[in-house]
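J.: Pasting in a structure now, in structure tokens, and then I'll have a few things to ask.
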């Protein structure tokens, strides 16, 4: 096929919002408007897919299954149909020659084109190898692999290891990594000049084999303008499916914060008797300027207040907010001249294997998830953990008394530590609810459990993932929570629904970490496919795809103002992203091992990162995000210029004796708490 076939961009995938379809009617493709509301009644069995996998145009098997009255039709690319794309083969003995002649051409081209065209090496290598294997030229495939696999970039080593084990046609049938590689087109971003050069070369050479692969399996995102330099390309590549298409990061994202609800803040502790006899509040006192009036003006980038239904504030929540504001008034302003103190909680003798940690927002409790399937909750303050009394004892209590909340607690149960039993596999994620009444834990056993911190018992087991669940997190407003696992999807749940409200599908490998945006309208997921995706909670769409990490992502943190995202991975780099523009804006190098913890200070001046290399590092976030060059050209072409300023931004490195850092948390007054289990090497 002549012409600019490879330049045809596909539109962003629609959301298949599936409502009750009579069997046999095929797929109900709804628009975003027909997405079920978040507050839908449980048991409706809604599944939301926004899978950006490009389907191969071939008959695909439809899988229908009925869930609570709704029939769900899923599009599954048929393996045999996908593989048959490898049938039109050339002469197997010439493959090495084809590849090396292209390699020679690219290496001899001008510097400005060489960097861009070098991106072709890896996807072509994989597809040519798979084509040889599929057509049962095993010896040619082996020699092709051995000759060229050393030329590929170092960050593809893990993928190449999987590839080298596929030596027979039968192996290809069940291997999901490779199925993804064939069904989702590998995305390359190349300038028009470089593309024309490549096309001319391949057509002159009559090198149809390579041209066919380019057309069949690659998606070339062509832009007008200067070709990108080697540094610019290196910063962005490395994920399983190449870069993100530029289109993928164009959707509008409401990254602003929601307006805080207004209520009166008592000035001092002595006006606790705020209500007079009739229960009417006393006259309002003039508010302190700096406390209650933080976000009175609506943020122009904020989502509408009622875009997604959020739970009402209870009285206890309001009290907590007041406490929070009082604490905030005493908060330390951090900066390069004023670094936080760091308090490190070391788990000693954790022979059970510490696999997850979380700390409550008010820093009163700490939870550990362990490989022996237990969840352990500690009180960090002198106040011990107590359970509510039994029903028989509760009936004797005077419900009108002022200290009823104290009286319902059973002093006999007071202890510093509570152990929660229920999971049947290692616990990989834990999360406290904002109101400290509940605790989530997720495990290798495929379930997410909700525990009551009033009774220290399990309330619900959420079953949806059939494989290990790697992470879970409560929404900053409570009620909703997200989980992500080995089945490559993230799920959004509400505590009172036993089925997920949304399913976010699109990652090509395990979803390793999940985070809510501060306004709760978006969820970020990091994956072993080396990409980060941002999902819209309202309709399940994927609104951002960030590529650039060279290893699985293990930590995510949103800045308190909601504008930026920091991500950490096994490659030891922290990458910084501007959510509104969909661009990488910084890279912090310094750690030498996987980064498992990232946290911004309460006002966003400092970013703390904790790693397997046994260090906590503090970075100057203000400086990292100031004077960003987010002009239209950069946004349009993705020509990012990352300053090499990691050393200027690094404010401090703090070594532990031999404790990998698993969790970081800033208290309301900006003291940094860190946690990890001591490992005696």
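Each Cβ is built from the backbone N, Cα and C atoms, and glycine gets one as well.
Note that TrEMBL annotation is computational and uncurated.
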J.: In TrEMBL, which of 210-264, 265-319, 320-374 is labelled region 'Disordered'?
T.: 265-319
J.: Sort out the residues at least 6 away from either end of the repeat 'WD' (462-493), same chain, that have Cβ-Cβ distances under 8 Å to it, and list them.
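T.: Sequence-remote neighbours of the repeat 'WD' (462-493) are 38, 310-311, 425, 428-435, 438, 440-450, 499-505, 507-516, 518, 520, 523, 525, 527, 535, 537.
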J.: For the repeat 'WD' (504-545), find every same-chain residue at least 6 residues outside the stretch whose CB is under 8 Å from a CB in it, and list them.
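T.: Same-chain contacts beyond the ends: 12, 15, 17, 32, 35, 38, 48-53, 155, 177, 180, 184, 238-241, 244-245, 248-249, 251, 253-258, 302-303, 307-308, 310, 470-477, 480, 482-486, 488-492, 551-558, 560-562, 565, 567, 569, 577, 579, 582.
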J.: Could you break down the residues of the repeat 'WD' (588-620) into DSSP helix, strand and coil, giving a count for each?
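T.: Taking each residue of the repeat 'WD' (588-620) in turn, the totals are 0 helix, 20 strand, 13 coil.
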